[in-house]
Amino acid sequence: MAAKDVKFDTDARDRMLRGVNILADAVKVTLGPKGRNVVIDKSFGAPRITKDGVSVAKEIELSDKFENMGAQMVKEVASRTNDEAGDGTTTATVLAQAIIKEGLKAVAAGMNPMDLKRGIDLATSKVVEAIKAAARPVNDSHEVAQVGTISANGEAQIGRFIADAMQKVGNEGVITVEENKGLETEVEVVEGMQFDRGYLSPYFVTNADKMTAELDDVYILLHEKKLSSLQPMVPLLEAVIQSQKPLLIIAEDVEGEALATLVVNKLRGGLKIAAVKAPGFGDRRKAMLQDIAILTGGQVISEDLGMKLENVTIDMLGRAKKISINKDNTTIVDGNGDKAEIDARVAQIRNQIEETSSDYDREKLQERVAKLAGGVAVIRVGGMTEVEVKERKDRVDDALNATRAAVQEGIVVGGGVALIQGGKALDGLTGENPDQNAGITIVRRALEAPLRQIAQNAGVDGSVVAGKVRESNEKSFGFNAQTEEYGDMFKFGVIDPAKVVRTALEDAASVASLLITTEAMIADKPEPKSPAGGPGMGGMGGMDGMM
């Protein structure tokens, strides 16, 4: 086991604070509409330019082990806020730095760290309650656009794109962000349910220009196993032909003779038909087939349920207004499913999302909810250079997360004002002893740090701005750093999601209070460096007397 280096009391805390300050100072320059960029060197390719707090924090690794511990703890604040709310990482870092700085001063002055921690926790929970109480729901897509614009550092176009996408696919819909090959940023919306399986044969194509198979007012057969012969389903096919409606077969696979028979029937014009493989694998495939069945009002033909193809009647098939299939994807629009059953299925999947511990499973379940509940929108981010596209994509991701958070828990005044207003809830709050009161005061001071930093990044004196906002009795009075005006933040359109502000404070206080209560730090001792030359030559026997 390697030897360890141990530091105590002030020495340990000072080193830790140096690490906290290095990381926080690098992150906080990005805060606010006039925040600056940070350039991150990459060992391959062009450097990355970003204004995303968590991206900056993740890149920082310090050579001094003890300083690095402090930096890593604050990095944890940014990461946790990003995971929970998806935005607010810079605010969380600034809050954590402010609480740690003030807290360590108090410890150095002889106060009890555990009582300070209790005071900080008490104050934080009080402010969080005030933020929740001040939140109001998002009323329209204009407010959604404002939240997106603020989070994208003032780029109104990004806010509009996100509001547009949310309006089209609903609050539950999936919105993904991709890099565009061109210069323009655009939104593409896929209505209905889309899954990543294309037609099994190009002979199914009905639109030769677009190379797509388009079926209107269509029956859908959902079969769990492979289809290698069509003999068992001849009665069903005859019934479909009589109805003069097209048929889509979704099965594990359609092989050999069965596929050839379908293609021949299609080419002869006797049957409008197409076949695709079922999406997913294993248990996920079963679940997705069941989703499609509920969406289209059909049944999955499964041997587990004792169903046989020869016994299937036309009323067991699903229905949809329109199905479009290209070589990669199938889209089902306007399925014939019962609304109550679809809602019940969505609720069931939501329960699974709550229970799962795997991020991958959660993502896949959320996709299924979106496909059932709304649709899918893709925002393709364009730009002149790869570096610009990556930087914009970071901001679009942040803005998208912020708007989702706003829809979940509502909005509060932005620009750091919600924290200062929340701090007024601490008036009259006292702890059990003077040290706990000091902890409450630390939080009250720290709540001003984000507004001070926003003002400072805009080239204005932060303490003057914070003083003016604190003294105002109007709850939405604040400083618009973009225009350098004071006034009603709601009228300026400077709003933040309540969830982002709340999460930033909770995570910052949680990690900061742990650092304040640190008394000793242990790290591996650096290995002594061996000399650069090769191993020394041993003495050569019998050569002593030659000198």
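The backbone N, Cα and C atoms fix where each Cβ goes, glycine too.
Given the structure is predicted, the values throughout are model-derived calculations rather than measurements.
The ATP site recorded in Swiss-Prot comprises THR30, LEU31, GLY32, PRO33, LYS51, ASP87, GLY88, THR89, THR90, THR91, ASP496 together with one of GLY170, GLY415, GLY422, GLY423, namely GLY415. Looking at 318-340, 525-547, the range tied to region 'Disordered' in Swiss-Prot is 525-547. All protein chains included, THR30 (ATP binding site) registers 22 other Cβ atoms within 10 Å of its own Cβ. GLY88 (ATP binding site) has a Cβ environment of 32 other Cβ atoms inside 10 Å.
Within 10 Å of the Cβ of GLY32 (ATP binding site) there are 28 other Cβ atoms, across all protein chains. For GLY415 (ATP binding site), the count of additional Cβ atoms within 10 Å of its Cβ stands at 26 [all protein chains shown]. Counted within 10 Å of its Cβ, the other Cβ atoms near THR90 (ATP binding site) come to 29, all protein chains included.
Its own atom aside, the Cβ of LYS51 (ATP binding site) has 21 Cβ atoms within 10 angstroms in the protein chains shown. Considering only the residues assigned to ATP binding, THR30, LEU31, GLY32, PRO33, LYS51, ASP87, GLY88, THR89, THR90, THR91, GLY415, ASP496, the longest pairwise Cα distance works out to 17 Å.
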